[in-house]
Amino acid sequence: MFSRNKVWAGYAVSILLLLTAFTLGVTVGSVRVPFVEMLSIFAGAFSNREALDPMFSSIVLDIRFPRVVLAALVGASLAIAGASFQGLLKNPLADPYTLGVSSGASVGAVATIFLGLTIPGLGSFTLPVISILAALLTLIIVLGFARMVEKSMKMETIILTGIIFSSFLGSILSLMIALTGDELRQIINWLLGSVSMRGWEYIRLIAPFFVIGVLLLIWNARELNAMAFGEERAQHLGVNVQRRKFVVLASGSLLTGAAVAVSGTIGFVGLVVPHMVRMLTGSDHRHVLPLSILNGASLLILCDLVARTIVAPTELPIGVITALIGAPVFGLILIQKRKERRG
């Protein structure tokens, strides 16, 4: 049992980390922006922008600030989606990447680009909507197939099914890439995962889905706590288990699909962040979910900072950095769980 003081300390540290990540993301780069200059730019942005240094002002407000905000929204989306999947499935290895949801969203998004699909009335929202629907469909198929293989739906069965289905979807992606023409470079760059060269229009795309998904998951935090003790006990406590399952899975897929639509495939954020949060502050979803939002945002801002500075002027895909962090953590969690079962 984690003390209330430890939980609130977790919030304090998480907020401080996010502020630090935000500051570094805005000030560090090929052109260093002094901290005081950054504060002056934000203070004068809505009053008298003409009085600001034009170079620093353009770098901060037009390039780095929207990039940092987008990275924060994507990281927060993937982290809270992973936390909700793990809580619902009682599985520490569940996240949008390992369950195949990210791959499903990628197929939906690439198919939209490849086929030039447009849903009447949606305009630029066609891509995230199709990506979200593909993510939800993928999750339903993965869980359904895992249940067919093994009714108890053990941890390894769900993860293995997700990995197998991800491989299958990967082959579909490869086929579309092989058949594409002028869109090839756009699709490949997008698949590698990045928040580079994405302005406020991308933030406007993800923002409504982020708000809806986060509110739905936070609203269901108590129900996730109840379901951690088993579905039967949750029902005795008055939880409509089937409805809550659908809401949580749909909300997680909504967030994943929207994140993938604006940034491409970025793995392991939804695995690493919730795991670290639970280690530090316990498993109460009333705290795990908001703390995952804060730390997911911080992690992706910092990973993006590393991606664009470590081999500057060349910029690495952000998905490469998250994979280098996430893959070892994935292995450590597997080893830890096997040790717990044996002893």
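Positions of Cβ are set from backbone N, Cα and C atoms, glycine also.
In TrEMBL, annotation is done automatically, which means it is predicted and not curated.
The structure displayed is predicted, hence computed values, not measured ones.
Feature annotations, courtesy of TrEMBL:
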TRANSMEM  7-28  transmembrane segment
TRANSMEM  65-85  transmembrane segment
TRANSMEM  97-119  transmembrane segment
TRANSMEM  125-146  transmembrane segment
TRANSMEM  158-179  transmembrane segment
TRANSMEM  199-219  transmembrane segment
TRANSMEM  246-273  transmembrane segment
TRANSMEM  316-335  transmembrane segment
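Counted over residue pairs separated by six or more positions, the transmembrane segment (199-219) shares at least 3 Cβ pairs under 8 angstroms with the transmembrane segment (125-146), which defines the two as touching.
Ranked by the number of CB pairs under 8 Å to the transmembrane segment (158-179), the listed stretches 7-28, 97-119, 125-146, 246-273, 316-335 are led by 97-119. Listed by sequence, the residues of this chain that lie at least six past the ends of the transmembrane segment (125-146) yet keep a Cβ under 8 A from its Cβ atoms are 96, 99-109, 111-113, 117-119, 153, 157-158, 161-162, 165, 169, 205-206, 209, 249-250, 252-254, 256-258, 260-262. Long-range contacts of the transmembrane segment (97-119) within the same chain: residues 81, 85, 125-127, 129-135, 137-139, 142, 158-159, 161-163, 165-166, 169-170, 172-173, 176-177, 179-180, 183, 186-187, 190-191, 252-253, 256-257, 259-261, 264-271, 326, 330, each at least 6 residues beyond the stretch ends and with a Cβ under 8 Å from a Cβ of the stretch.
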